[in-house]
Amino acid sequence: MMQIKAALTALRNIRGLPVMQDLQKPGAAVDLFDCLQCWFGFQEGNVANQREHLILLLANTHIRQASKETFELKLGDGAVDELMKKFFKNYTNWCKFLGRKRNIRLPYVKQDAQQYKILYIGLYLLIWGEAANLRFMPECLCYIFHHMAYELHGMLTGAVSSTTWEKVLPAYGGQPESFLNNVVTPIYRVIYKEAEKNKSGMADHSTWRNYDDLNEYFWSPDCFQIGWPMRLDHDFFCMHPSDNSKGIKSRGTVEAKEEREGHEDEEMGLKSEGNEDEDTGVSYIASPYFHKYFVTMEEVREQKWLGKTNFVETRSFWQIFRSFDRMWSFFILSLQALIIMACHDMESPFQMFDAIVFEDVMSIFITSAILKVLQAILDIAFTWKARHTMDFYQRLKYVLKLVVAMIWTIVLPVCYADSRRKHTCHSTEYGSWPGEWCISSYMVAVAFYLMTNAVEMVLFLVPTVSKYIEISNFQLCMILSWWTQPRLFVGRGMQEGLVSIIKYTLFWLLLLSSKFSFSYTFEIKPLIGPTRQIMKIGVKEYDWHELFPKVKSNAGAIVAIWSPIILVFFMDTQIWYSVFCTIFGGVYGILHHLGEIRTLGTLRSRFHSLPSAFNVCLIPSSLRNDQARKGRAFFPKKFQKESETEKNSVAKFVQVWNQIIASFRLEDLINNRELDLMTIPLTPELFSGLVRWPVFLLANKFSTALNMARDFEGKDEYLFRKIRKDHHMYCAVKECYESLKLILETLVVGDKEKRIVFGILNAVEESIERLSLLEDFQMSELPTLHAKCIELVELLVEGNKHHYGKVVKVLQDIFEVVTHDMMTDNLLYSSEQIEGDTMHISGFPEPQLFASNHGQQSIKFPFPDNASLHKQIKRFHLLLTVEDTATDMPVNLEARRRISFFATSLFMDMPNAPKVRNMMSFSVMTPYYMEEVNFSTEDLHSSEEEVPIMFYMSVIYPDEWKNFLERMECEDLDGLRSTGKEEELRNWASFRGQTLSRTVRGMMYYRKALKLQAFLDMAEDEDLLQSYDVVERGNSTLSAHLDALADMKFTYVISCQMFGSQKASGDPHAQGILDLMIRYPSLRVAYVEEKEETVEDKIHKVYSSILVKAVNGYDQEVYRIKLPGPPNIGEGKPENQNHGIIFTRGEALQTIDMNQDNYLEEAFKIRNVLQEFLRHQRQKPPTILGLREHIFTGSVSSLAWFMSYQETSFVTIGQRLLANPLRVRFHYGHPDLFDRMFHITRGGISKASKTINLSEDVFAGFNSTLRRGYVTYHEYLQVGKGRDVCLNQISKFEAKVANGNSEQTLSRDIYRLARRFDFFRMLSCYFTTIGFYFNSLISVIGIYVFLYGQLYLVLSGLEKALLLQAKMQNIKSLETALASQSFIQLGLLTGLPMVMEIGLEKGFLTAVKDFVLMQFQLAAVFFTFSLGTKAHYYGRTILHGGAKYRPTGRKVVVFHASFTENYRLYSRSHFVKGFELLLLLIVYDLFRRSYQSSMAYVLITYSIWFMSITWLFAPFLFNPSGFNWGNIVDDWKDWNKWIKQQGGIGIQQDKSWESWWNDEQAHLRHSGLIARLIEILLSLRFFIYQYGLVYHLDISQDNKNFLVYVLSWVVIFAIFLLVQAVKLGRQQFSANYHLIFRLFKACLFLGVLATIISLSGICQLSLMDLLVCCLAFLPTGWGLILIAQAVRPKIQDTGLWELTRVLAQAYDYGMGAVLFAPIACLAWMPIIAAFQTRFLFNEAFKRRLQIQPILAGKKKQS
């Protein structure tokens, strides 16, 4: 292509470069990349890869600007300038930030400037392409480029060094792999060694430097101390904290350390030898990177570990307050103000300006000052370990902030006290403050205190000014911004435009006003009265030993009542956000035409407008039409009629539509008949705008018209008008007549017959013209004629030459019907005169009519082999015979959904599509590890534990299975096997699972769509009348051109790191990937090769990134780039993406996971989406384009249905609101399109630091936003996505996401976004990221706080006193608080947006039906259970760490999980907490009965009962075949075996309880001291039961002495002694003296029984006492176990640890037995199993699928 040639010509312009003469290199360089390789020592593979990369970028940029340039064959300066701007924008900002001049220097001669620009771009690409893991450190690459660009400029200009007076040459020379060894490897080694200190995520974040720490060192001018060549003795390269007391190290110490690290280096392939120059006394220490640096022999300066840079990821819940301090301060101050207002009994907000009220409300600023002190202390504490990398002014600022905050905490209270004492502001008690205009000293102080806030408010309203101040390097601007924000490279200038600010500000003002009104009215104000009553009551006698009897005002009771209210006050903003998200998202969706076409009826009624909509959206238009369309309104489009220049647009629509329908057939979504019914024929009439609509639109229209004509009474014009009124009916009648006419013209060849036939046809047409058809013909015989025509067409379709006589007979019958029964006498006479024939046609037809006459045939049958004619006859047959059922085509629900969405999207606002040659180029990349590529034959039919995949697929997708068999022309599965179609069978099943082959097929639709669109761009009219496939096959030149254009615009790379090892081991996954490359020749696979090389008798491991393609059935290497070491340093997936990204091409990059899918009809819109990067409706172009996802795994299981709806609401209505108006959408899923050049120059498309970047995707959005990027969201294109379908898989996924959010909470990205966003955008960021999970945790904590508060009140006797003395009944605020918690618990946070989105897309009646049905299918149980998962893993990870990736398996088959597996997964996250809630409810119920009604108890606690039961039994409810008696028996045996199996080294946790129990404590083993102390403090809550309950025992006889509590511990100690005695007895006697052991246990039992009987007789011990003792001592035992686990390092080597293990085992066995008992009882009732199957698989029953055979598994198969 000309553009490629132009780019090549520019690259080969080496005129004037110092190639041969100055560098003395062998051979001449042929292009600029060869020069760069020669000068700087880049690898050949890297040079070849980046050469192709830059050529494609230049060509694609040039082709878009060719219309502006004079010559296409010469590379325009505009294309190079555009790339320069994109590649060096970040570098320019970096230089500006550090106050350095750019080293990109261009000559004044314009002819040479382009050459220099290409050299600089090439240099950067070569650095980036070989940088390996350094690509995650963009400013580090800027540093490297800065120095190498200086060297490049010096070489190009022949500059002389001012120090050596020699010509400037590269510091590291141009030897092979010089850049890798001397530049990349030293920095890589630092990354590698620091990551090792992470200890697989168990080490504290402060002990090691992650990618961000190392990169941010280059945000400081100190980075230039590293020098060039780099000084490897610089502190940056120190990897181990050292003892600072020693300033000097001896050379021997250095050597010892090097020797100690040598073995580790050797394994990485980094070890090399050192040399010494004996003459100079200087050591040339050859580093592992072959770079020599000087160290004096006498002494070496000790390196100092730099530590964290700018930020420390401290594991603490205080991090949430520190990051979002403005929000928490706002809520705390608002709560204080609302309480003060409620105490003054305010009814209207205007009463706040009462003098007394206003002065009291003003006290909130004292609280604000205290919070500022807290914030300053947290800032210092949390950045303490990063102090060494901070400059002096930063440290000074932190200290000054603390000093200033402390001064205000003194000044404000003093002024406030002074103002209250003098009472100068009001003369009367209820004077109006605004009317008096008196100003106190406190108000003056507050005015000064709020001065900085006032400045921020002004800047908030003028975003342009604030943005300029932030990004400017002027001294005044830097001074102004110094106090408010740290001087960091990122996070500056993120302000939105004023319109956007107004929109999201109004959103939050409405939301907050609603929230505060509700909180004041229903939560705070109703609590003031009861609080006053509580404070007045004097409680003299308690029901227990009161530890603080002198505390006044019943403070404990007030805390117990107010605590849950306060927690809900901080949490319920999340509920209000959900409500407003539903409203705003719904309105936005309606205005943007979402769901306009959601039924087949709507589709049929609007189908006629699809060609026009298609023309506007998907057909590149002329410049004139572009200008006409620029004003497309926000409201529905008005489609213009096609101009003369675009008369073929309808034909283009038909081509595309037919390709879409053909893809449906290949995917087996439709059958052959549906294919015929939905295809539009290609005819010349298309150019005149006449479309032969698909038959499914015309179904039954012809029959209806016949019936109408048969029964019609009146004039012809009324009949014609009635038929024309229905456009589709008119088209059907007209097409049937023309088809019949064509058939007769082709069929009848005899002269006499022709004259007769055409005489009749002419008579019909003349009657129509005269409007006398009803007079000239008897319409009552139309059905007979209709039947005969059908018979004729069926014979023609069959085409059997032996049926010649039948065809003649049918023609004679038709002739007889027309002439005898239909035509009137007048018409007959007229026809006879017209023909001039002497034959009396009114008589019987002659025998020879239509038959052979003297050897000559009168009809031509069978027809010649003409594909076009056969299609037309087939279509005519369908028009005649199709029934009403065809209007429901297609039958397949997925096909209906896809067609409806495609049709709807054509009416949505999208950019105009450019021609394929002018579109942006893009790549798709899929990271792959070890997932399924294709199901093997063995996988399909294997049924060892589960139902065979093949059987499962055929049952779940019955219509698609039938369509597949029809396409394969087989009757059943055996037929497929016998005909050798196993490969097609494998593909069919694989395309319905979550496999790599499904993803690759979907993504390769892009290429197919681009080739078709390129063909349509250049096709002539005659080409459009043929099928695209036919034209491409018949024209090799055209096909080659289309392939070249598609390759230029689209690249697909699968990054399979393990492909090399899989090939070596013979893994079938490798063959599956190779098969994909063979099937799709343009597919590329990138992998990491690890091999051993021997250098100087030492084995080194060498790692390389390799790109391969398929050639002749084998994988062929395309590029090989050596790596500095193993690439997997951080999180696996981002490292995998980073390894493969160098092989991607284009200006955009779509990241696709391997559980995703794509559709051909959606691929046609990729040009439009890419235009969003160029459609600048704002000041800055978008950097990430968010796209919609469709969850394709929700079709059968109810759980999958819940999950798919929940996910759908998030990826549609949720992200719609995040993008606009909130402006806080980041990167959540993997259909998103990245501005590739923006991101490769700013750290890539994800972050990879171990643990902290567990949710790697969202950090790409964080990073993009912090670097002034802009993220949008578009719903006119969708990509398929699979989700987990079983509860265990879903829970693992939610645990992983919760873990990821807890790590986000600690991350610098969230901290900087929260600090740098304005207040309202910060609120949006919080409630749409970590706030959702933190509020879920608060909602669960609120339940515990409420119940423990009630437990305190009921056991202490305070509640009885409050109810009896103060007559306090139900406190409305508590009921409101619990109702708010229930809102979250029952899943309504996601439920409301879900209902709105379903309503938009499927209709609101359907949405309500689905929501009600979901409740019947126990959706509330599922969401309540999910709440527990989120809260547990989020809270535990912040406190203790331990976040990790949790593979879910993505199984396609529903299966039964054993009781043991469920217990292992949910014991600590749900079961323990469920039992605790149950215990709290039982104790509360037992001791409140005497003075509180049962109805009040039920109303207050119903949601908590629901939660506790759900957490205990949901895994068994949602477990397929969970109530099958056979499974119950097997589970019980497995459980007993597991619980008793001893653990040890090598024994997995699924085999032994002991191994599992040790693994469950892994998070504690690596916790810090503070986390362990918090764990111990939380465990103390279990001792409350014992302390409160022992005083309620009958045996205590109302004694309130503390001794009673002490004696209860004596009982516990005695129980422990009994347990220990039994354990010792088992060890001593059970093996050899079994009888003695039994006698010993009997004696102990009798002793305990005797003690109980004695106590019942002497001390009135009752049965109730025994129950209460169990309720008291069981929690105490559990609390002791938790404390023992927290202090394990101290007691592990003592007997206490063994006792702890025995107790823990007993508790787990007991909990398991309690859980198992009701399940076993229910399993006895068959109706329970049937009910479970019904609600689990209701979606399948609705589709009439057979679920029982699936659940029966292989038993059914046998």
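Cβ from N, Cα, C; glycine included.
Residues 497-518 are the range that TrEMBL records as transmembrane segment, among 321-342, 497-518, 1465-1486. Ranking 398-416, 553-570, 1569-1590, 1639-1659 by CB pairs under 8 A with the transmembrane segment (1332-1355) puts 553-570 at the top. Distant neighbours of the transmembrane segment (553-570): 331, 335, 519, 523-524, 527, 530-531, 534-535, 537, 539, 1338, 1341-1342, 1345-1346, 1348-1350, 1352-1353, 1356, 1358, 1362, 1371, 1373-1374, 1376-1378, 1380-1381; these residues of the same chain sit at least 6 beyond its ends, with a Cβ under 8 Å from one of its Cβ atoms.
Cβ atoms under 8 Å from those of the transmembrane segment (1569-1590) belong to residues 315-316, 544, 1348, 1351-1352, 1355-1356, 1439-1440, 1479, 1483, 1596, 1604-1605, 1607-1608, 1612, 1668-1669, 1671-1673, 1675-1676, 1678-1679, 1682-1683, 1686-1687 of the same chain, restricted to positions at least 6 beyond its ends. Among residues of the same chain six or more beyond the transmembrane segment (1499-1518), those with a C-beta under 8 A of the stretch's C-beta atoms are 1199, 1287-1288, 1343, 1346-1347, 1370, 1374-1375, 1378-1379, 1381-1382, 1385-1386, 1418, 1420-1422, 1424-1425, 1428, 1457, 1459, 1462, 1465-1466, 1470-1471, 1473-1475, 1477-1478, 1481, 1484, 1715, 1718-1719, 1732, 1736.
Over the domain '1,3-beta-glucan synthase component FKS1-like' (115-231) the predicted model carries a mean pLDDT of 91.
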